[in-house]
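Per TrEMBL, the features are as follows:
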ACT_SITE  E212  active site, proton donor
ACT_SITE  D357  active site
ACT_SITE  E461  active site, proton donor
ACT_SITE  E480  active site
Amino acid sequence: MQWRSIVVGLVVLRLSVSCVLWLAFGLGSNVSWGFNFHLSFNLHKLDLLFREEKGTDQRNNAWSQRIQGHTYEETASTCAKVGDESLKRSYLNLFDGNKDEYVRRYSSFPDTLKVKMKDMAKEMFYFGYDNYMKYAFPEDELNPIDCEGRGPDVLNPSNININDVLGNYSLTLIDTLDTLLVLGNVTEFQRAVKLVIDTVSFDKDSTVQVFEANIRILGSLISAHILLTDPKHPFGEVGFEGYDNELLHLAHDLAVRLLPAFENTSTGIPYPRVNLKTGVPLDSINETCTAGAGSLLVEFGILSRLIGDSTFEWVARRAVRALWNLRSNETGLLGNVVNIQTGQWVGKQSGLGAGMDSFYEYLLKSYILFGEKEDYKMFQAAYESIQNHLRRGRESCNEGEGDPPLYVNVNMFSGEIMNTWIDSLQAFFPGLQVLNGDVDNAICLHAFYYAIWKRFGALPERYNWQLQAPDVLFYPLRPELVESTYLLYQLFDEDNPLHKSDNKYIFTTEGHVVPIDKRFREKQWNEFPCEEGALTKAEPNNWALNNTSNCNRIPEERRYALPLKSVYMRQIDHMVGLF
């Protein structure tokens, strides 16, 4: 019987130590109590369970509790009960001696590390830029395998992965103009602008995707022109003698060549592709994605307001309204692929990723830039539908029980989950939430994507949250997570003119910099006609843009602490299989 006494003694000791740790450090449910009870996202029975619970408020029920009976307590609150004064202190003070691994890892960002990382970022940029200029210019991009330039695949017109983007117009050079200024390289910026003026023409027999040409070429030309002619000179004396608005003229020329996409469609939703010389191809398809058709308003709108011609903003705004009117009466959601002639949804998946992402992004960013209340009314209604039908997990990001918030792909009409993957494009959404003032939810979703990044070293193009594994294994250097990180934390380059000048800036969906300028809130034409029913479902609101940072919505004691309590950061890491 002696061996039984020894075993019982060891079990009691184990439980006692676990209790002490739980009480002292808020380790809570992450202490296993000697058993392998862990949070699992094996949600293969989700659809069945959701049907059984139809009529209940799913947002208030933890996934793990509904599926497997697991519960996660917010054990960090144990520490908060030490005294009322603890609420006024940083969370870091709750962990004496930096005993918590997350505090040690994320509580500081030393200046030496910032300098090192800035130098690394510049080195990576110039590695790509210098080699493009040496081996590829004036072609669109550098083929890194053969170390030579690459343009459209003229021998294979169906190769849309290449041909949608490359138009034989020195894409990489144009796309990097504003980046050169952000990096402080005025000399190379001026040289690059002169090269664009002297060598680039859009009179080419190239069929390109309207969306890609808009965000990459039109957006960059407009951004570079604005920065070049800004009388405040936030980036220094970047202008040069003889500049006569050539970049703006090039932008106008390109936009005119994109206009045929908006003609001969019964809905006003544009064709996805045009030939820069001949217009819409005869064999063009009648289907387009929501993001591609509804994410033209920022660039087209700025161009219209710079040149005083309403045409470009009007066609882009008409497309947005047409898509908005096709949303589901039951859920308020939109699908991801639509027929531009019939207005029928070809793709009924609603989510925040590919095919839909920048549609939501540009509703809010257009309002910030232009001040058109219509844009924010649509965004507000869309955001409410997203929260009601796409969001899963606990109600609060940094409080309470349940699984971390996650936005899933659902059927636009029923709200039922369609699959168990999300894609890397969805990582834009935390940044959009910051712009909308929903900082707490932004922190939680960003932490989820950052955890995936930590596990794989990059964001897989598609990640299966049920299997905790990638569904699509490549990473095409997407900027969405970077922008969300920047908008949440801005730790990195405080002295950059982007932060120090009197201007406030916003990024286009391709990462081009444009100022929030009162010029863009002034029109030289009458109001746009509003199609009947465009806003019948959007309630008016009194939300007004101001110049105060949304960081002010976060209490002082949290601004320099961990973004999430350690128990929730650990939970998210566990959710993606980090341990």
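From the backbone N, Cα and C atoms, a Cβ is placed for every residue, glycine too.
Annotated pair E212 (active site, proton donor) and E461 (active site, proton donor), C-alpha to C-alpha distance, rounded: 18 Å. The CA atom of E480 (active site) is located 12 Å away from the CA atom of E461 (active site, proton donor). Summarising the environment of E480 (active site), the number of other Cβ atoms within 10 Å of its Cβ, over all protein chains shown, is 25. Other Cβ atoms within 10 Å of the Cβ of E212 (active site, proton donor) number 19 in total over all chains. Neighbour density around each Cβ, counted as other Cβ atoms within 10 Å, peaks among the active-site residues D357, E461 at D357.
For the pair formed by D357 (active site) and E461 (active site, proton donor), distance between Cα atoms is given as 14 Å, rounded to the nearest Å.
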